[in-house]
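> Please read through the structure below; I'll follow up with questions.
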Amino acid sequence: MAFGGVLVEANITAALDACKDAGTFDHKKFFKSCGLHDKSADDIKKAFAIIDQDKSGFIEEDELKLFLQNFKSGARVLNDTETKAFLGAGDTDGDGKIGADEFVVLVKTNNGAK
């Protein structure tokens, strides 16, 4: 996968399994479970570059819908409610998209997720 060398495959699988059903995605739990939460800002920005599929420098709503598929081909698409909640959590400047620095803060902010 594209995250090889940054994340452990078993952790990615466990994180994806925990949110395989529609409506169960929680970005805080996902980042913690897959191990991204514990990575350096540089590694998180590498992940951002993978998720930013159109290389615009931002993760837009359509890219967030496909977020899980960046971790494993064939993973489900996030539903509208999950996507909007994810975008709302990460878009701190209100421009409707998530920049690299916003993404680092989003990943690093745990808010009690286990």
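Cβ atoms are placed via backbone N, Cα and C, with glycine included.
So TrEMBL lists the following for this protein:
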- Asp52, Asp54, Ser56, Phe58, Glu63: Ca(2+) 1 binding site (BINDING)
- Asp91, Asp93, Asp95, Lys97, Glu102: Ca(2+) 2 binding site (BINDING)
- 39-74: domain 'EF-hand' (DOMAIN)
- 78-113: domain 'EF-hand' (DOMAIN)
> In sequence order, which residues at least six apart in the same chain have a CB under 8 Å from the CB of Glu102 (Ca(2+) 2 binding site)?
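Once residues fewer than 6 apart are set aside, Glu102 (Ca(2+) 2 binding site) is near Gly90, Asp91, Thr92, Asp93.
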> Mind checking which residues of the chain, 6+ beyond the ends of the domain 'EF-hand' (39-74), have their Cβ under 8 Å from one of its Cβ atoms?
1-3, 6-7, 12-13, 15-16, 19, 25, 83-84, 86-87, 90, 95-100, 103-104, 107-108
> Taking only same-chain residues 6+ apart in sequence, whose CB is under 8 Å from that of Asp95 (Ca(2+) 2 binding site), what do you get?
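Result: Phe58.
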> Per DSSP, what is the residue tally for the domain 'EF-hand' (39-74) in helix, strand and coil?
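Split by secondary structure, the domain 'EF-hand' (39-74) comes out as 20 helix, 2 strand, 14 coil.
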> Quick one: give me the count of other CB atoms within 10 A of the CB of Lys97 (Ca(2+) 2 binding site).
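Counting Cβ neighbours of Lys97 (Ca(2+) 2 binding site) within 10 Å gives 19.
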> Give me the Cα-Cα distance between Asp54 (Ca(2+) 1 binding site) and Lys97 (Ca(2+) 2 binding site), rounded to a whole Å.
13
> Taking the recorded Ca(2+) 1 site as Asp52, Asp54, Ser56, Phe58, Glu63, identify the other residues of that chain whose CB atom sits within 8 Å of the mean position of the site's CB atoms, giving them in sequence order.
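Filtered neighbour residues, in order: Ile51, Gln53, Lys55, Gly57, Ile59, Glu60, Lys97.
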> Can you tell me how many other Cβ atoms are located within 10 Å of the Cβ belonging to Asp54 (Ca(2+) 1 binding site)?
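Its Cβ has 10 other Cβ atoms within 10 Å.
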> Around the Cβ of Asp93 (Ca(2+) 2 binding site), how many other Cβ atoms lie within 10 Å? Please give the count over every shown protein chain.
10
> Quick check: which same-chain residues outside Asp91, Asp93, Asp95, Lys97, Glu102 lie with their CB within 8 A of the centre of the Ca(2+) 2 site CB atoms?
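Nearby residues not in the site list: Phe58, Gly90, Thr92, Gly94, Gly96, Ile98, Gly99.
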> Report the DSSP secondary-structure composition of the domain 'EF-hand' (78-113) as helix, strand and coil residue counts.
20 helix, 2 strand, 14 coil
> Take the Cβ of Asp52 (Ca(2+) 1 binding site) and count every other Cβ within 10 Å, whichever protein chain it belongs to.
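By my count, 21.
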> Tell me the Cβ neighbour count for Asp91 (Ca(2+) 2 binding site), meaning other Cβ atoms within 10 Å of its Cβ, over all protein chains shown.
19
